[in-house]
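These features come from TrEMBL:
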BINDING   Asp164, Asp192, Asp211  S-adenosyl-L-methionine binding site
DOMAIN    42-265  domain 'SAM-dependent MTase RsmB/NOP-type'
Amino acid sequence: MSDITAVSPSDLDIDTDIDSGFDITNLPESFKRFLKDNDIDPRIYTVTKLPRFVRWNSHLDQSLLPTLDQLREQLKTQDVWKVQGLDGFFGFNLVKNGPRLFDIPAYKDHSLFGIDLSSAVAVEALCIEQDDHVLDVCCAPGAKLCMIANIIGQKGTGTVTGVDLAPHRLATCQSLLKKYRVGERARLFAADGTQFAIPAPSRLGSVVLGDVKLDEARPAKRRKTQKKAGNINPFWAPRMLRFDDMCPSRLYDKVNELPPFIGTL
């Protein structure tokens, strides 16, 4: 993976941009020990001004994607930068009384979407290729799904399967996939990720994937797999992934199981 320029607490003005209404001395003692053991400055929890991040929706034609200069113009600030090591990834600080992210043309045109840096790094670490079948556990609210779908693209046979315990959170994922039109190779399941046993897709529309054998798709085999996996009906899936043979030999190539809040700054 390429070197990624991230933001650390030392990069932030934690002496001035703090929430004076939050008393860090009231943090639980066990949590204070955790912060000390991991050399984390507790003042990061008082920061009120944090950079935000967006990524290109690379399903769109390159000509429709905003450049750095265009983002600076639309956000009315020069405080916009490319994140080194992540293609099409930008960080920025909003200007007080300036445009909001969802007010700018690039956001309204769905040519970029918001995603935190830790989620993007987790996806980048998977080194996803266009024929990979990726399992995203704890997939809500869906930004990682969009990024994974972007990387898989539309030319290979790769897919992404999102799993989350809460149906209402999966509904948010579904909305994002549809909004950015990146859901043609994504499917969603409402399930406990620790017990999820549904295999990777064996078909992409009429195309049989990988080395799936025809006898694995027999009804008896399918019923046995369904019984073991539990409810196999997806919460949502496009037509190409809605009807699957559930071949037990199909494994995922990559798995992302990093909750989006871990390591976020």
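Positions of Cβ are set from backbone N, Cα and C atoms, glycine also.
Taking the binding-site residues Asp164, Asp192 in turn and counting surrounding C-beta atoms within 10 angstroms, the largest count is reached at Asp164. In the predicted model, residues of the domain 'SAM-dependent MTase RsmB/NOP-type' (42-265) average a pLDDT of 88.
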